[in-house]
Amino acid sequence: MTGTARSALPLPQSPARALRPSGAARAAPSLSPSRFSACPLDPSSFPTSGNKMFIGGLSWDTSKKDLTEYLSRFGEVVDCTIKTDPVTGRSRGFGFVLFKDAASVDKVLELKEHKLDGKLIDPKRAKALKGKEPPKKVFVGGLSPDTSEEQIKEYFGAFGEIENIELPMDTKTNERRGFCFITYTDEEPVKKLLESRYHQIGSGKCEIKVAQPKEVYRQQQQQQKGGRGAAAGGRGGARGRGRGQGQNWNQGFNNYYDQGYGNYNSAYGDESYSGYGGYDYTGYNYGSYGYGQGYTDYSGQQSTYGKASRGGGNHQNNYQPY
């Protein structure tokens, strides 16, 4: 049996008929607010439309609420996020803000200096990577191998028309692995899915991330190494001069800004497309796609899913690279 089992689904005239029993189309599953996502959509995950900003130079102590309150004086803030280190949970010193109107961005830029929590911050108009296509493919982690393909079709089909489902197989055991890939015919179902980072599918809780091409994954790794290197200097400075003085922590955000933000996240989410894009995509490669922290060993890296049982058999401890 090949390493990856692909199940290509025909493109139906009506996704409700192709993926669900006959009758009225089911509504998308209701999504309870997740404690892991402070805002419904991560503004860093969508291409810029003129009303999105990158905010660099943030203090470690600045929260989403602080940033939102400050920028609300320039116009209505629809959404905001501050990127955090996936290991420590500490702010990485930059974030993104989405205004309702593009005119608000102009107002922010008209002011030469912006100071928040005792620090000069660096707001810029967000850049989008050229030629970026809207995300249509998602990675589903933490999926029980016992979940049937029909269950997967039923759940994800409720969000929109599915083009393809990929169910990777373990090349040694010929058994299903604990994750899959879903490709939709357009990007709208992906946006709906990412309104919640975690979804109850079958018998377990699964994490949803946007599938990133390997070249994007590698670019993210290079960017994140720069950010983490600066972070180390920042933490050292903080110990020597007191909290909030580690200026080097923020040096890494310039690299992120210069590279553009259309493909960051992660992750949406990553860390992302929260799902948040701010999660490191390290340790796992699947074909031409790169995936991140937690997929080499879900039980060890993602405590949300629980520890693997000592007796073995827990599907969450078998995410090893090909």
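Just so you know, glycine gets a Cβ as well, placed from its N, Cα and C.
The domain 'RRM 1' annotation in Swiss-Prot covers 51-133.
Per Swiss-Prot, the feature domain 'RRM 2' maps to 136-215.
What Swiss-Prot records for Arg6 (among others) is omega-N-methylarginine, and it gives similarity to another entry as the kind of evidence.
There are 17 other Cβ atoms within 10 Å of the Cβ belonging to Lys64 (N6-methyllysine). Here Swiss-Prot flags Lys64 as N6-methyllysine, drawing on similarity to another entry.
For Ser144, the entry in Swiss-Prot reads phosphoserine, with the evidence type a large-scale study or a structure entry.
The omega-N-methylarginine annotation in Swiss-Prot covers Arg310 (among others).
Under the heading region 'Disordered', Swiss-Prot lists 1-36 (among others).
According to Swiss-Prot, the region 'Disordered' annotation covers 216-251 (among others).
Among the features that Swiss-Prot reports, region 'Necessary for interaction with TNPO1' is placed at 245-322.
Annotated region 'Disordered' per Swiss-Prot: 299-322 (among others), in sequence order.
For the pair formed by Ser144 (phosphoserine) and Lys64 (N6-methyllysine), distance between Cα atoms is given as 34 Å, rounded to the nearest Å.
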